[in-house]
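Trainee: Okay, these came from Swiss-Prot:
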- Leu20, Asn27, Lys156: xanthine binding site (BINDING)
- Ala128, Asn129, Gly130, Lys131, Ala132: 5-phospho-alpha-D-ribose 1-diphosphate binding site (BINDING)
Amino acid sequence: MEALHKKIREEGIVLSDQVLKVDAFLNHQIDPALMKLIGDEFAALFKDSGITKIVTIEASGIAPAIMTGLNLGVPVIFARKQQSLTLTENLLSATVYSFTKKTESTVAISPRHLTSSDRVLVIDDFLANGKASQALISIIKQAGATVAGLGIVIEKSFQGGRAELDAQGYRVESLARVKSLAGGVVTFIE
């Protein structure tokens with residue numbers, strides 16, 4: 001997606017050979033016009049997949065997930081990282097390790113919102129080692145729902161997440177596939 005590539009080149013900051021900072025437009029400050037384009041693109045890619053729900057993890061996946069849900073006309077569910085007083089019933093949950101935060105947390109969704117009749121699209125901001133995606137897939141499977149595909153805003157292709165998801169037979173659509181961050185330069189797989 002050229003608009004996303006341009007934004008990454010202009011506003012993304014390479015912190016290391018492993019870390020790309022995109023807080024100027026995606027995971028701290030959000031560019032609504034770019035999120036609309038991202039939602040349009042994911043909706044076009046998955047329009048014939050019978051999606052009934054979108055699932056993401058709070059917080060950075062919420063903006064692209066909402067725009068995709070708006071386009072597809074389906075609800076968006078975000079897995080919560082912190083349990084609240086209102087989220088108390090037998091939760092669907094999984095443990096996820098954050099590559100950038102170097103922490104492990106439990107994410108959860110209420111079973112009231114995800115059922116065995118759902119065809120679910122996972123939307124996330126990044127795909128690196130695939131831990132967040134695998135956690136969401138686990139939650140979807142606990143509900144007996146079907147994973148219809150995964151929409152990733154930025155994929156770090158040099159890490160193993162994509163290969164693992166491909167090996168499991170999941171459809172993965174990434175809008176920006178980063179080949180390398182070596183030397184402080186973002187190189188894309190075109």
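Going from the start of the chain as shown, residues are counted 1 onward.
Cβ atoms are placed via backbone N, Cα and C, with glycine included.
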Trainee: Taking the Cα atoms as reference points, how far is Leu20 (xanthine binding site) from Gly130 (5-phospho-alpha-D-ribose 1-diphosphate binding site) in Å?
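Mentor: About 16 Å separates the two Cα atoms.
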Trainee: Would you mind ranking the binding-site residues Lys131, Lys156 by how many other Cβ atoms sit within 10 Å of each Cβ and giving me the lowest?
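Mentor: Counting other Cβ atoms within 10 Å of each of the binding-site residues Lys131, Lys156 gives the minimum at Lys131.
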Trainee: Name the secondary structure element type, per DSSP in three states, that contains Lys156 (xanthine binding site).
Mentor: strand
Trainee: So if I draw a 10 Å sphere around the Cβ of Ala132 (5-phospho-alpha-D-ribose 1-diphosphate binding site), how many other Cβ atoms end up inside it?
Mentor: 27
Trainee: In whole Å, how far is Asn27 (xanthine binding site) from Gly130 (5-phospho-alpha-D-ribose 1-diphosphate binding site) when you measure between their Cα atoms?
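Mentor: For Gly130 (5-phospho-alpha-D-ribose 1-diphosphate binding site) versus Asn27 (xanthine binding site), the Cα atoms are 18 Å apart.
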Trainee: Could you give the Cα-Cα distance between Asn129 (5-phospho-alpha-D-ribose 1-diphosphate binding site) and Lys156 (xanthine binding site), in whole Å?
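Mentor: That comes out at 8 Å between the alpha carbons.
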Trainee: Given a separation of at least six residues and a C-beta threshold under 8 Å, show me what packs close to Asn27 (xanthine binding site) in the same chain.
Mentor: Ala59, Ser60, Asp125
